[in-house]
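Asker: The domain 'FMN hydroxy acid dehydrogenase' annotation in TrEMBL covers 1-380. TrEMBL lists Y23, Y128, R163, H275, R278 with the feature glyoxylate binding site. Per TrEMBL, FMN binding site is recorded for 76-78, S105, Q126, T154, K251, S273, 306-310, 329-330. For H275, the entry in TrEMBL reads active site, proton acceptor. Residues or ranges marked as region 'Disordered' by TrEMBL: 386-407.
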Amino acid sequence: MSVSIEDLRQRARRRLPRTVFDYVEGASDDGFTTAANRRSFERYLFRARSLVDVSVIDHSTTLLGERLATPIILGPTGLAGLLAPRGEELAAKAAASRGAVFTLSTMSIGTIEEVAAASSAPLWFQLYVWKDRGVTQSLVERAKAAGYRALCLTVDVPVMGNREQDRRNGFTVPPRLHFSNVMDVLRHLGWVLRMTSSPRATFGNFVDHPALTQANAVGVARFTNSQFDPAVTWKDVEWLRSIWPGPLVLKGISCAEDARKAVSLGVEALVVSNHGGRQLDFLPAAIDVLPEVVDAVEGRSEVILDGGIRRGSDIVKAIALGARACMVGRPFLYGLAANGRAGVERALDILTSEVDRTLALLGCPRLSELDRSALRLDAPASLERVTTSSHLGPHALPRRAGGTHES
Ligand SMILES: Cc1cc2nc3c(=O)[nH]c(=O)nc-3n(C[C@H](O)[C@H](O)[C@H](O)COP(=O)(O)O)c2cc1C
Ligand SMILES: CCCCC(=O)C(=O)O
């Protein structure tokens with residue numbers, strides 16, 4: 001039985017062909033930021049209060065004017081439908097069963113309409129702006145027509161990050177068999193058999209796109225770099241404002257200046273994110289950027305933290321630092337690969353029960369009442385916990401004996 005997100009990760013690793021698992025794990029360049037996203041949570045220790053009645057725990061939150069049963073949002077992840085047939089639909093159904101928001105990526109396998117029809121979860125649509133603004137506008141209109149509640153523009157992919165493992169693996173969409181991965185694919189025949197029931201193995205929203213129909217298979221970076229517009233600016237945010245009637249969310253904010261600019265344009269929510277360390281390497285950990293952004297927006301926009309969450313205690317720390325909710329990427333993908341819809345529900349349940357236990361032990365029964373007084377920001381180095389590298393993943397950095405993370 002999987003009792004932690006790490007357990008789900010191990011199961012996902014066993015069940016997926018190496019090239020697909022590597023795509024999920026994918027970090028850019030040296031993997032510094034991916035590792036920092038995890039490691040930096042260890043710098044924030046708790047200040048617990050005792051003798052508080054914690055018999056009833058409330059982990060609900062409000063976001064974009066809606067009361068949400070959980071502060072956990074399933075973040076946008078391209079190609080989730082390669083982890084399980086109809087993967088996006090399964091994850092969106094799991095989100096609905098737990099009252100969580102599901103964010104559909106532009107680059108999903110399942111289409112905007114299929115996912116909306118499959119799930120009653122609050123749905124957000126994540127947008128990448130295509131050079132062809134006609135394509136972009138039609139994505140926005142389809143999301144509107146299908147009832148998505150918020151438009152989440154990702155702002156940290158002017159070009160694709162350097163995912164070296166995907167390049168070594170020759171990872172393509174659809175995934176192709178070649179000499180170097182034939183043994184690996186044969187060892188994962190269960191996945192191959194399961195995927196035969198998938199309606200497709202390419203980007204569902206663009207099945208008729210010439211670049212996809214003319215080629216056998218496309219490299220992800222090559223395809224996205226040829227279609228995504230590297231010239232997107234704040235002007236496009238204003239344009240999206242004019243064609244999207246609902247709330248607008250910007251995902252990938254990593255400094256106060258951009259946060260203030262977004263607020264001045266009336267953006268309703270910001271996602272402090274470094275894309276799980278898949279884009280610009282050597283951005284700081286998302287949790288370390290969060291206070292800067294929270295302080296800059298001064299409550300004029302809601303702030304969401306994304307990146308490195310593997311424990312409920314990570315969520316509690318982010319909320320204490322001023323986030324309204326947290327997005328998770330890999331944690332729910334591990335669940336999806338491990339056991340489909342039930343695996344995503346397991347990932348959500350693990351994190352939620354960890355949030356509840358943490359709140360009880362912290363002496364703060366209401367998530368919405370957390371503030372920075374729940375944390376010690378001056379954690380002495382002697383209290384540093386030594387984390388196993390498997391917990392941090394393949395990009396764990398060596399620790400310096402006796403030093404703090406900053407030294
Ligand atoms: C396999 C994978 C695909 C992703 N695809 C997208 C995407 O299409 N659009 C997007 O805005 N972010 C995408 N992301 C980034 C996630 O939304 C999120 O920022 C990141 O996974 C958070 O870090 P975590 O995995 O540590 O939770 C992707 C992440 C992963 C792992
Ligand atoms: C599959 C297209 C890009 C998805 C993405 O943004 C990522 O892999 O991080």
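Each Cβ is built from the backbone N, Cα and C atoms, and glycine gets one as well.
Any TrEMBL annotation is an automated prediction that lacks curation.
Could you place these features in context, so I can see how deep they sit and what lies close by?
Answerer: The C-beta environment of R163 (glyoxylate binding site), restricted to residues of the same chain at least 6 apart in sequence and closer than 8 Å, consists of Y23, G26, A27, S28, A221, R278.
K251 (FMN binding site) carries a strand DSSP state (E or B).
Sequence-distant neighbours of H275 (glyoxylate binding site) (same chain, 6+ residues apart, CB-CB distance under 8 A): T154, D156, V157, G161, G252, G307.
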Asker: Do you know which of the binding-site residues P76, G78, G308 has the most other C-beta atoms within 10 angstroms of its C-beta?
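Answerer: It comes out as G308.
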Asker: Should we count any of the binding-site residues P76, Y128, R163 as near ligand 1, judged by a CB under 6 A from one of its atoms, and which?
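Answerer: Among the binding-site residues listed, those whose Cβ sits under 6 Å from ligand 1 are P76.
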Asker: In sequence order, what residues of the same chain, 6+ apart, have a Cβ less than 8 Å from the Cβ of Q126 (FMN binding site)?
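Answerer: Looking at Cβ-Cβ distances below 8 Å from Q126 (FMN binding site), excluding near sequence neighbours, one finds P76, T103, L104, S105, T106, C152, L153, T154, K251.
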Asker: Which Cβ among the binding-site residues (Y23, Y128) has the fewest C-beta neighbours inside 10 Å?
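Answerer: Checked Y23, Y128; of these binding-site residues, fewest Cβ neighbours within 10 Å: Y128.
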Asker: Looking only at DSSP and grouping its letters into three states, which state does D306 (FMN binding site) belong to?
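Answerer: The residue in question, D306 (FMN binding site), is strand (DSSP, three-state).
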Asker: May I ask for the distance between D306 (FMN binding site) and Y128 (glyoxylate binding site), taken between their Cα atoms and rounded to an integer number of Å?
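Answerer: The Cα atom of D306 (FMN binding site) is 18 Å away from the Cα atom of Y128 (glyoxylate binding site).
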